[in-house]
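For reference, the structure discussed in these notes is given below.
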Amino acid sequence: MASFDEAPPGNPKAGEKIFRTKCAQCHTVEKGAGHKQGPNLNGLFGRQSGTTPGYSYSAANKSMAVNWEEKTLYDYLLNPKKYIPGTKMVFPGLKKPQDRADLIAYLKEGTA
């Protein structure tokens, strides 16, 4: 598995397309929007896992105490259930390093 340090540069436009097709069914990035099946991702970077107000997280997600940054998201998005065993997230992950880098680039812009 390539580490985030070896990840290709991300393209936010490509990442937005990935978000719309693979993430938007369960998540939003819109400030002030309610939660969907998954939590609102606005303000994601620098936040600890399991701490978004108003969302009911799994015990595993709360106790893992991951600080969401580019590196942790890169690893998490490869295989969420392996990274946080017991997570409620059903998404199987993004296997391609470029897809993960693109999605993270979009999230950096879209959740700020």
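From the backbone N, Cα and C atoms, a Cβ is placed for every residue, glycine too.
The annotation heme c binding site is assigned in Swiss-Prot to Cys23, Cys26, His27, Met89 on the grounds of sequence analysis. Annotation comment: Swiss-Prot describes Ala2 as N-acetylalanine.
Of all the Cβ atoms in the protein chains shown, 22 others lie within 10 Å of the Cβ of His27 (heme c binding site). In sequence order, Phe91, Leu103 constitute the residues six or more apart from Cys23 (heme c binding site) in its chain with CB-CB distances below 8 Å. When Cβ atoms from all protein chains are considered, those within 10 Å of Met89 (heme c binding site) total 18, not counting its own. Of all Cα pairs drawn from Cys23, Cys26, His27, Met89, which the record names as binding heme c, the longest spans 11 Å. Over all protein chains present, the Cβ of Cys26 (heme c binding site) has 16 other Cβ atoms lying within 10 Å. Within 8 Å of the centroid of the Cβ atoms of Cys23, Cys26, His27, Met89, where the record puts heme c, the same chain has further Cβ atoms from Ala24, Gln25, Lys36, Gln37, Gly38, Leu41, Phe91.
In the three-state DSSP scheme, Met89 (heme c binding site) is classed as coil.
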